[in-house]
Each structure stands twice: as structure tokens, then as C-alpha cells.
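Colleague: So Swiss-Prot lists the following for this protein:
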| type | residues | note |
| --- | --- | --- |
| BINDING | CYS30, CYS33, CYS49, CYS52 | Zn(2+) binding site |
| DOMAIN | 26-295 | domain 'CoA carboxyltransferase N-terminal' |
| REGION | 1-23 | region 'Disordered' |
| ZN_FING | 30-52 | zinc finger |
Amino acid sequence: MSWIERILGRTSSSSSSSKSKVPEGVWTKCTSCEQVLYSEELKRNMHVCPKCNHHMRFDARTRLLSLLDQDSAQEIAAELEPQDVLKFKDLKKYKDRLTAAQKQTGEKDSFITMYGTLHNMPVVVASFNFEFMGGSMGSVVGAKFVRAAERALADNIPFICFSASGGARMQEALFSLMQMAKTSAILAKMREKGVPFISVLTDPTLGGVSASLAMLGDINIAEPKALIGFAGPRVIEQTVREKLPEGFQRAEFLLEHGAIDMIVQRKDMRDTLARLCAKMTNKPTPFKTAELIVEEA
């Protein structure tokens, strides 16, 4: 080795060792515009891209805790956990899939239910977690949904549910399909008693969830560009052998065709839900809006 190679080799090795390693997870990429984003900034922005306003998928527990007033949340039916009663096996055993999903998410199942206050108004809230087996609906989801609805009925308070699901959980076969009827039945009881149910459809809301509880709200809200439908657009195109309209099954298309009532930005969701709950329960708006301030002036 020549003297210059020795010097260059020493310099390059010392410079590479002095480079500080960037910890994993500090940066992430927008799933729409592919802009590289600082993860902490994205969290502060409620997982909405600050560059293109794309609403990314949002962790269920974080969503509910950010919706409710601080320190007001009480989890409902947290003890319920799915069981592999059918001993189901496809490429993997169902119990192994459950274990992997529980380890990945830190949750027992794909659905979280809570009681708390929203701008000091008591409410029951629930959310699907898409990261847990695609937010699929099984027996535990149905049981927790009913328990949450029963709490809303008992206290005569609004029930708000955020959907993010691929549909019924195939590993539970007919047990999962039964949850469509079970959740629809309790919502019929809520409607009969005049207890408000607000459904918020987020990306994606598909299959048995969209065909049951997700579209049965007294008011159906969607986040921008959420994919909403029964089968996905690719499956429909292959079935009907036709090209679907642009934006088909997206929230904006559904709003234009009267399938949902409104589209709300995530940053506005908390205040919008509070105003709707107040109107639907005949209570004063829990905070002053710009319109009220103008009226009082």
C-alpha cells in the first residue's frame, strides 16, 4: 500500500466512524405525495401530511384519546379477547395471527371502546384499528360494540364510531358474519330510543363493516379521500369488466351522490362532532363558534 492510500484509507475510515447514525423511525414518507416527513411533526399534525393534506391511517387509541377531553377516557370492555374456537388454519393458525397482531399493536383486538367527555359533554366513542388484522370484525368487535351502545343507551348520550376495516374476519367464519346483524340490531334499538349514533368513515371502510354499522349513522361523516365500499374497486372492475369512474368509492364521490352527509378534515373533527352532539341532544354548543360571536356582537 502506497503512502497516499494509507492516508486516504485512514481519513475515510475516521470520517465514516464519526458520522452519527440517525435512529430508526425519525423520518417517514407520505403515502400519497411521497414527501419525506419528520415523524414527530406528522404526529403533531394527527398523521395528516403537511405538504399535500393526505389523511394517513391513524392509530385507534391515539385517535380516541385525542378526541376526548384530557384524562376523561375510561375504556369499556377492555377485558374481552378473541378466542380461536374453530381452531381455524389457513397459511397460518388463527391463534398465531392473533398473537402476532397483539405483539405488533399492543392491543387485544381490532376495536377499542371508551366513555369520556367531549368539550365537557359525556359521550361513548369507539374506533377500529386497521393495523390489527386489517381492522377485521370478529366476535369481540361485535361484543364491544354492543357494550358501548348499551352504555350510550343507559346514559342517554351520543355514540361515535370511527370505522377503518377490511370487513368481517374470515378466520371466525359465521361468527364474524353474525356481528353484522348483532351491531345492526343494537343500532336499531338506539334509533328507536332516540339516542344519537354518529358514524365516521375513515380510510378504508370496506366489506361487512361498511355493509352494517358504518353506514347506519344518524349522521355519516367521512375523512377526505377515504376509500368506502363493499368490495374494492379492482375487484369490481374485474367482475363487471368495465372501467370505473375516476374517484369511484372515494369520500368525495359518495358525498356527491348522497351516500354520506359530510366530509370533515381531521383537524376539524373534534369541534364538528361536539357541535353535532350538542344539536342532536338539544344542548347548547359547548364552545363559541365564529358565527355565535358575530351574532352576539
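Any Cβ shown, glycine's included, is placed from N, Cα and C.
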Colleague: Sort out the residues at least 6 away from either end of the zinc finger (30-52), same chain, that have Cβ-Cβ distances under 8 Å to it, and list them.
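Modeller: Answer is 58, 66, 265-267.
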Colleague: With every protein chain in view, how many other Cβ atoms are within 10 Å of the Cβ of CYS49 (Zn(2+) binding site)?
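Modeller: So the number of other Cβ atoms within 10 Å of CYS49 (Zn(2+) binding site) is 20.
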Colleague: Applying a 10 Å Cβ distance cut-off over all chains shown, what neighbour count does CYS33 (Zn(2+) binding site) have?
Modeller: 12
Colleague: Taking every protein chain shown into account, which of the binding-site residues CYS30, CYS52 has the largest tally of Cβ atoms within 10 Å of its Cβ?
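Modeller: Comparing the binding-site residues CYS30, CYS52, the most crowded Cβ belongs to CYS30.
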Colleague: Check CYS49 (Zn(2+) binding site) against DSSP and tell me helix, strand or coil, would you?
Modeller: coil
Colleague: Determine the mean pLDDT over the zinc finger (30-52), rounding to the nearest whole number.
Modeller: 91
Colleague: Residues other than CYS30, CYS33, CYS49, CYS52 within 8 Å, Cβ to Cβ centroid, of the Zn(2+) site?
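Modeller: Along the chain, the qualifying residues are THR31, SER32, GLU34, GLN35, LEU37, PRO50, LYS51, ASN53, HIS54.
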